[in-house]
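Dropping the structure in here first, questions after.
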Amino acid sequence: MPGIVLIGAQWGDEGKGKATDLIGTKVDYVARFNGGNNAGHSVVVGDESYALHLLPSGIINPNLTPVIGNGVVVDPEVLFEEIDGLESRGIDCSHLKVSEAAHIIAPYHRTLDKVTERFLGKHKIGTTGRGIGPAYADKINRVGIRVHDLFNADHLHDKVEASLHQKNQMLVKLYNRRPIDVDQTTEELLKLGERLKPYVANTGLILNKALDEGKTVLFEGAQATMLDVDHGTYPFVTSSNPTAGGACTGTGVGPTKITRVIGVSKAYVTRVGEGPFPTELLDESGEWLRQQGHEFGVTTGRPRRCGWFDAVVNRYASQVNGLTDIVLTKLDVLTGLKEIPICVAYDVDGERHDDMPTDQAAFAAAKPIYETMPGWDEDISDCHSFDELPATCQAYVKRLEELSGCRISVIGTGPQRDHVIQINSLVD
């Protein structure tokens with residue numbers, strides 16, 4: 001009954017696909033539990049690369065069942081675009097299961113997301129403009145539309161009317177926009193519902209039965225720990241819970257069925273969008289990391305902000321998620337550096353902080369306290385055991401493990417699927 005949670009331990013884009021590749025052939029189900037199409041991930045199979053934003057990575061594998069859980073906000077138009085794109089390349093998507101309780105991103109959510117960001121100006125959050133936040137806001141305000149609402153015309157019309165009552169007032173009076181037509185929106189959603197219906201299921205029941213039967217389920221988180229709406233750098237966060245607890249609330253599976261929690265971290269740190277980032281490099285070192293690591297967003301194409309490894313963040317991620325293992329990715333990017341700084345603590349107004357400040361103003365003011373490790377020049381992409389790594393590289397990894405408070409079980413040594421060192425198995 002292995003329930004394995006896979007999460008990002010930093011600000012996202014950590015390369016969770018490395019871990020998914022290692023685990024994917026050993027699992028029966030892959031379940032997305034949070035977020036929407038605001039997060040991109042790439043799946044490589046042979047010589048083919050697939051860029052996905054909403055579909056679980058398991059969609060490529062016909063031998064397992066991909067699941068979109070109730071904690072995900074689903075944009076049906078984006079979902080169908082991804083399905084059509086995969087099917088045009090010979091990938092069968094008929095085994096996909098979508099939770100009937102998942103909330104829908106309607107066209108008006110995207111509209112509100114974009115106009116609100118423009119209205120906020122310099123105070124903007126830095127969203128992707130894909131309607132994720134407004135859809136989650138409707139969920140919390142109890143005016144959201146769920147997947148099963150798309151199959152009853154009268155019921156759906158009432159839900160859309162209730163949802164747009166206040167939104168149209170805002171669009172007209174605050175944003176100087178035209179109101180959104182209730183009837184037209186209802187018709188559009190009904191048509192989307194017709195196509196979505198074959199994929200819809202009681203996914204909570206399916207996953208619990210699978211675990212009870214001894215099947216292995218991989219719970220796949222979007223975004224990452226530091227973007228969690230409760231535990232991240234609020235308000236510069238996403239609108240859901242990408243931390244391990246979200247795997248339970250976002251799928252309907254109880255915490256006692258989770259046996260492993262795997263956190264993925266880069267050997268340095270990146271972030272996209274607004275918000276504090278203590279180790280950010282605004283000089284040529286940051287640009288060097290960006291170019292060497294090809295740090296540009298899958299979803300937005302935006303250049304990622306880059307910085308040195310932050311052990312305070314990783315310790316926090318280990319604590320919040322209860323990590324059992326760390327997958328360390330992109331270690332090869334650091335090859336060629338004579339010295340590699342590691343942030344071991346923060347200086348906040350002259351006081352040393354070894355742990356994450358709960359006050360975000362303090363975190364924004366935090367200055368990194370660095371410890372410097374010697375680098376290496378050797379190409380590590382062909383190393384397939386820890387002992388094959390250069391001595392200074394081994395020392396760097398061991399220090400990150402010590403500072404993070406969790407064992408490093410897998411190391412990514414290059415961009416290809418086989419550029420990996422597995423120290424401990426990720427599946428019991």
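Note that Cβ sites are derived from N, Cα and C of the backbone, with glycine treated the same way.
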Looking at Swiss-Prot, which one out of R89, R178, R302 binds IMP in the same site as D13, E14, G15, K16, N38, A39, G40, H41, T128, R142, Q223, T238?
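Site partner of D13, E14, G15, K16, N38, A39, G40, H41, T128, R142, Q223, T238 for IMP, according to Swiss-Prot: R302.
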Find the shortest Cα-Cα separation between P303 (substrate binding site) and the recorded positions D13, K18, H41, L331, and name the residue that gives it.
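With Cα distances computed to P303 (substrate binding site), the winner among D13, K18, H41, L331 is D13.
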Could you state the CA-to-CA distance between S42 (GTP binding site) and Q223 (IMP binding site) to the nearest Å?
14
Select the closest residue to T413 (GTP binding site) from the following recorded positions, measuring between CA atoms: D13, H41, Q223, G301.
D13
Calculate the distance in Å between the alpha carbons (Cα) of K18 (GTP binding site) and H41 (active site, proton donor), and round it to a whole number.
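Cα of K18 (GTP binding site) to Cα of H41 (active site, proton donor) measures 11 Å after rounding.
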Looking at the recorded positions K18, H41, R302, R304, which one has the fewest other Cβ atoms within 10 Å of its own Cβ?
R302
